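*Asks:* My questions will all concern the structure given below.
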């Protein structure tokens, strides 16, 4: 029977030829019970060493308890003692009478664990080990069945998302943990098959209505994977096929994902293996995606130090995650996309590994191919930042870019423009390599423009960006014009100071330097020529400027007078009506404040503000306006009186000289006053 059961993937019903009721499936006089082996549901894979279908001591004590779970018909114990079906099976013993009473479910798992008699569990396990000395798989199945039967609560959702990651094992007492771990150590060779037994029993219970709660099996699974997570990670293909076979049953899929995910909470490497091998392939399925992303979030938060996960995520896994996180209208909801985007920086750290300076060039082609002008703004920002990181960290990325440049002009134009705007943030060590790459791009652009390819627009954009980058790489040009002007002013100032200090050119330092160097005759010739040219220019201005000025004044004066009249009228109008509008605004504000019934402090604040504005208007704005008008009128009258209505060179020269002399005197007075004040303050100190 065991051989047939192992070959068919399930357990057969035990039949008695002398009891017709048993062969027809009717109820026999011996009562119903559930055999332990029925938890082994149909599995796509053949187990290498199937569990022998041996009855357990614990189940014999519950023949009357499990009548509602009618899976097999078995004759009563008295009939079996007379004519057993299999002589190899040991003689059955009756269970303790106190355990034959069915208990109802507890309100919570905490209450169920408090009510659990650990001594009774140990007693049952000792009996099982004494009866089935050579079959440790039966011991383990007795443990799981006992715990699951005693820990009955209202059924929870499959992923236990409202509880900590180690629930329900975190509620187990130290004594019970010792019993579970001790039994797992004794039956170490059957632990992997025991994990399969717990998983498939959970899946079978989900088919029942109402089924049992699964806390006992969950506790056993967590206890197994705390010490042996490789039971899951060494068989990922097998479990992925199991998951896909139940894809139409979300509750079963989530139960499988929860059970396999327990392997990741003791080791980051094993957790990433589970997520990449089990949960990433189903990412995008509406019912499974929330748990997959929540598991990844919890996994990355549990391990702040990601060094143990380096090398687990490669380009093959990284870029599908990038598309899921940033591409719109994919199978993830916006909230899940946002959650995945928040995890993406940590995923980048895991993907780039411990030595990004030697691995980033492998990511560069996929980053560049996705950076199209039509990609979403958030994705474009992430791609450009990642491409810049590749170019600045891994020197081999520039050589990869050179190979891809002619076939990725639109993407390269975006990257070049981004580099142009962020050139100052690029490290100086990477600028030299980038400068050489951009120079090669300039030559490529010229060749493409000569050929006149269909993507001329992108070539022109790339060429413009390359020229701008090269200009920035070479640095800003020196301001030669400003430097020459500054040098000229300094030379003139030094010469004037030298002549004034020595009262003559021959005694000055400049004169003596020119005379000793033999350049004095040349300097005299240059000065003579400059003087003659200056005199000619002066004579020309003396003859031309009065005539031009008079003509210009005759032409422009009517228009200027008309414009002045309009400007004066406009400002007078604004000045006249400004007070009325301010008064209207003040009255309106006062009425509003009275209707609104603001606090007294706000009334006082607004009243003070109104008084301040009126004071500023009457004390500052109006006097300044009148002073400006008076000053302009005085300037006009002074010019008219000084020139007597005619623009002559002597008049212009006199006015400029007077203004310059007055300005110079004012500057001297201010400078002397400042120096006196400074000396006074220094002497007081």
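Cβ coordinates come from backbone N, Cα and C, glycine included.
Taken from Swiss-Prot, the feature N-linked glycosylation site applies to 267, 305. Residues or ranges marked as N-acetylalanine in Swiss-Prot (evidence: similarity to another entry): 2. Look at Swiss-Prot and you will find 1-36, 66-104 tagged as region 'Disordered'. Under the heading transmembrane segment, Swiss-Prot lists 479-499, 612-632.
Give me the structural setting of these features: burial, nearby parts and distances.
*Replies:* Of all Cβ atoms in the protein chains displayed, 17 besides its own lie within 10 Å of the Cβ of residue 267 (N-linked glycosylation site). DSSP gives residue 267 (N-linked glycosylation site) a coil state; it is part of no helix or strand.
Annotation note: residue 305 (N-linked glycosylation site) sits in a coil segment as assigned by DSSP.
Counting residues 6+ beyond its ends, the transmembrane segment (479-499) has Cβ neighbours under 8 Å at 505, 508-510 in the same chain.
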*Asks:* Taking only the Cα atoms, work out how far residue 267 (N-linked glycosylation site) lies from residue 305 (N-linked glycosylation site), in Å, as a whole number.
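*Replies:* Rounded to the nearest whole number, the Cα-Cα distance is 12 Å.
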*Asks:* What's the number of neighbouring CB atoms sitting within 10 A of the CB on residue 305 (N-linked glycosylation site)?
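*Replies:* That number is 7.
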